[in-house]
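For reference, Swiss-Prot has these:
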- 1-77: region 'Domain I, interacts with DnaA modulators' (REGION)
- 77-110: region 'Domain II' (REGION)
- 111-329: region 'Domain III, AAA+ region' (REGION)
- G155, G157, K158, T159: ATP binding site (BINDING)
- 330-451: region 'Domain IV, binds dsDNA' (REGION)
Amino acid sequence: MTENEQIFWNRVLELAQSQLKQATYEFFVHDARLLKVDKHIATIYLDQMKELFWEKNLKDVILTAGFEVYNAQISVDYVFEEDLMIEQNQTKINQKPKQQALNSLPTVTSDLNSKYSFENFIQGDENRWAVAASIAVANTPGTTYNPLFIWGGPGLGKTHLLNAIGNSVLLENPNARIKYITAENFINEFVIHIRLDTMDELKEKFRNLDLLLIDDIQSLAKKTLSGTQEEFFNTFNALHNNNKQIVLTSDRTPDHLNDLEDRLVTRFKWGLTVNITPPDFETRVAILTNKIQEYNFIFPQDTIEYLAGQFDSNVRDLEGALKDISLVANFKQIDTITVDIAAEAIRARKQDGPKMTVIPIEEIQAQVGKFYGVTVKEIKATKRTQNIVLARQVAMFLAREMTDNSLPKIGKEFGGRDHSTVLHAYNKIKNMISQDESLRIEIETIKNKIK
C-alpha cells in the first residue's frame, strides 16, 4: 500500500468511526480492507452482504477522504471473498493434498448451513470471547482448544458459531470431513443403527471426522437409552486421540449437565469453556441494523432503537419482530417503518412473551435525585453544576438501561433534550462504570431501589 493509499484509508476509517456506533463500526467496517487506489477508483475488499450498507452509509465518507487526500472524486469497486478465492482455488487444484486421501471412507454430508459465517455474526462484549475462541479453532482445528465448549441461553448465536467454524474450515480445506449435528439427531442415528444392526457404519462415520460440531449437548444428558452416552464417549475419545477438533454447545455449563456421566463432563472441560450472554442495547441495535438490510423498507433510527428496547433476551426475538413488521408493512403497503407501525406489528409477540415491569422515567429521575440530593426539576433543567450533571447523566443511563423507550422519547422526558445528548450521557456513564467501582456500586444501589 502506498503512503497516499494508507493516509486515504486511515481517513476513511476515522470518519466512519466518528459517524457510526461502535458495535456497528466493528461489524460493518472493521474487517474491510483497501486493496488499491488506481485511476480514482478505490478497490475495497469486504464481505458481500455488507456492500449495501457501505453504499447507503459510507459513500460520503469515501468522497470526503478522496478529496482530502487525492483532491479528486473517488469511486469504489467492491470485491468479495469469492473473487479473491478464484485464483487460490485454481492453484489448489494443481496441488497435491496435504493429507492422505480417504477414498475408502464413507461420504459424509456436513449438514452445515452456508448462511452462517464469522463475517455476519454481530460481535459485542457478551460474545467476544466465544467468537475469538471459535475463530482460533477454525484457524487451527485440533490444536488450540479441544474441545471448545460454548454455553448460553437459546437464540444467542451458538448454532451460528458452530456453523461458522465448519464453513471456515471447509473454505480452507474443501476435503475436510466435517459433521454438524444436534445431540438429539445423534441419538436418533444411534437408535436407527442399533435397530438395523449396522453400528459399524455409525462408528466409521463419526470416528473418522476431522471436525465434529455437536449442538445442544444437554439433550444427551436427558436420555437414558442404554449405550448412547457410551457410544458418544468412544466417539469423543477416538477423535480427540487423533487430534481432531470437537466443538459442543449447551444451554448450561458442563458441571450442570445433570444425568451425564462424569467421565464425559470431565472430557468436556479438557479444552476451553466460554459463555454467551444476551446482547446489550448497542449490540441489539447493530444486529437490527444488519438484519434490516434483508428487507425493502426504511427503518428510521428511532424505530431501530425502539425495537432494540423491546426485546432483550435473544436474537431470535429480534428476527421474529422484523418478520412481523414485514407482514404488516406489506399488507398496508408501507415503505417507512415508524415506531407506531413497529409497535402495532409486534404487539402480539410482546403479549406472548414474558411480561416486563414498566418503569416510568419519572420514577428513575426521582430515585436518582433522592440519592444525589437534587430535585427532578433540576435534573430536567439546564443547570450544569457537577452534582446535577452527574445525576442527570446517571438518570439518562438508567432510563436507557431499564426502560424500552427510544432515545428521542428519553430526551423529551429530560427537558426536551436531543437523542444525541442521551446517547452521550449513556456512553459516558458506561465508560465511567468500567473504571470507577464506587460509581458502579452507586448505580447498582439506585437500580435496586427502583426495582
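Just so you know, glycine gets a Cβ as well, placed from its N, Cα and C.
A Cβ within 8 Å of the Cβ centre of G155, G157, K158, T159, the residues given for ATP, is found for these other residues of the same chain: G152, P154, L156, H160, L161, T249, I276, N314, V315.
Looking at the region 'Domain III, AAA+ region' (111-329) alone, the prediction's average pLDDT is 89.
The most crowded of the binding-site residues listed here (G155, G157) is G157, judged by how many other CB atoms sit within 10 Å of its own CB. Helix, strand and coil residue tallies for the region 'Domain I, interacts with DnaA modulators' (1-77), in that order: 46 helix, 14 strand, 17 coil [DSSP]. Every protein chain shown contributes to the tally, and the Cβ of T159 (ATP binding site) ends up with 19 other Cβ atoms within 10 Å. Counting Cβ atoms from all protein chains shown, K158 (ATP binding site) has 24 others lying within 10 Å of its own Cβ. T159 (ATP binding site) falls within a helical segment according to DSSP.
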